[in-house]
Amino acid sequence: MLVNVKIVTPKGTWFLPCNVPHKSTGPDLMQLFMGSEGILGIVTEVTLRVRKCPECQVYGSVLVPDFEAGVACLHEVSNRRVATASIRLIDNSQFQFGQSLKPKQESKLEGLSDWFKGLYVTKVCGFDKEKMCVITLLFEGSQSDIDRQQKIIYDITAKYGGLVAGAEAGYRGYLLTYVIAYLRDYGFNYYFMSESFETSAPWSRVVPIIKKKVPSNEDVPTPWVSARVTQVYETGACIYFYYGFIFRGLQDPIKAFSEIEAEARDEILLQGGSLSHHHGVGKLRKEWMSQVVGDQGVEILKKLKNNVDPDNLFGNGNLGLTRADLSISANIE
């Protein structure tokens, strides 16, 4: 997506002299600057790749018996390189939550239709409503492209007991992504504190990470946790977590909240996941930096920061680089 970037640093402006699709000129400085989380300067201009809007856009969804079956589906889809615009797996907890947000049926006939659909899924197809999950899909391209993608995807999901559930359920699944931040704020009015965090993991660790016991503490013995797989790669996937609890009556809800997330981070790293897939480190996750990039990696970042921004003007504290740390690193030299 990113072709070029212009960044203003304390020592001058940096940008690439040409816009080319690929190059071999040593370490990729553009990625270095863009991944620096603002500690080296301010981005003032970017050049992005663009493409024509798709001719067609179609949502889809598939019910699967459980989360393991869904992960197996997504893994095979990635191995076969089926280029859907988006494919996600939503766990049972989030699926039920999404169902509860459906608008009230406008007619008794619609309500009766939904009742029969639920009966068919659970009684005829044998799905357990406490275990079943949903795969949401977005297809883009020409109609022939979409037809081809749908055939491959639905053939794969059928192998794992999947049941095609239609476009509306797929659309609602993506809509939930857009509204959930507003629901988080709404929940505060009812003493419900919640947040999201993400990781990436190899395919062999996706299920173990999600199935691991939910962290808790003495104030919050059973926090609510939900998970979904949001992006797939040939070698692994991005996992997105939501967690929350009722904080009414707690002496220090922020402390309880932070402790639960920290324990979750520790467990994810122990299970082979990353510190972050796309949210970054910032100041919130800085304590894990040496664990994920190594002490030598941290020293390299300190030296780079000292060279480009010796007065620590930008992104103070991001990636765990404070003024004191940088002064110590500079004195060592």
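Glycine residues also receive a Cβ, built from the backbone N, Cα and C atoms like all the rest.
Remember, TrEMBL labels are computer predictions, not curated facts.
Database features, via TrEMBL:
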type	residues	note
BINDING	Glu37, Gly38, Ile39, Leu40, Gly41, Ile42, Val43	FAD binding site
DOMAIN	54-318	domain 'FAD-binding oxidoreductase/transferase type 4 C-terminal'
SITE	Arg88	site 'Important for enzyme activity'
BINDING	Arg184	substrate binding site
ACT_SITE	Tyr240	active site, proton donor/acceptor
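Taking the C-alpha atom of the residue listed as 'substrate binding site' as reference, the shortest distance to any of the recorded positions Glu37, Leu40, Val43, Arg88 belongs to Arg88. Closest to Tyr240 (active site, proton donor/acceptor) by Cα-Cα distance, out of the binding-site residues Gly38, Ile39, Leu40, Gly41, Val43, is Gly38. Excluding Glu37, Gly38, Ile39, Leu40, Gly41, Ile42, Val43, which define the FAD site, the same chain contributes Ile7, Thr9, Phe33, Ser36, Phe314, Gly315 within 8 Å (Cβ to the Cβ centroid), listed in sequence order. Sequence-distant neighbours of Gly38 (FAD binding site): residues of the same chain at least 6 apart with a C-beta under 8 Å from its C-beta are Phe314, Gly315, Asn318.
The recorded positions in question are Arg88, Arg184, and the one with the fewest Cβ neighbours inside 10 Å is Arg184. Counting other Cβ atoms within 10 Å of each Cβ, the binding-site residues Ile39, Ile42 show the lowest value at Ile42.
Per-site Cβ counts within 10 Å over the binding-site residues Leu40, Val43 peak at Leu40. Taken together, the residues in the domain 'FAD-binding oxidoreductase/transferase type 4 C-terminal' (54-318) have a mean pLDDT of 89 on the 0 to 100 scale. For Gly41 (FAD binding site), the same-chain residues lying six or more positions away in sequence with a CB closer than 8 A to its CB are Ile7, Val8, Thr9, Pro10, Trp14, Phe33, Val308, Asp309, Phe314. Taking only the Cα positions, the spacing between Val43 (FAD binding site) and Arg88 (site 'Important for enzyme activity') is 32 angstrom. Arg88 (site 'Important for enzyme activity') and Ile39 (FAD binding site) are 33 Å apart (CA-CA, integer value). For Arg88 (site 'Important for enzyme activity'), the nearest neighbour among the listed binding-site residues (Glu37, Leu40, Ile42), judged by C-alpha distance, is Glu37.
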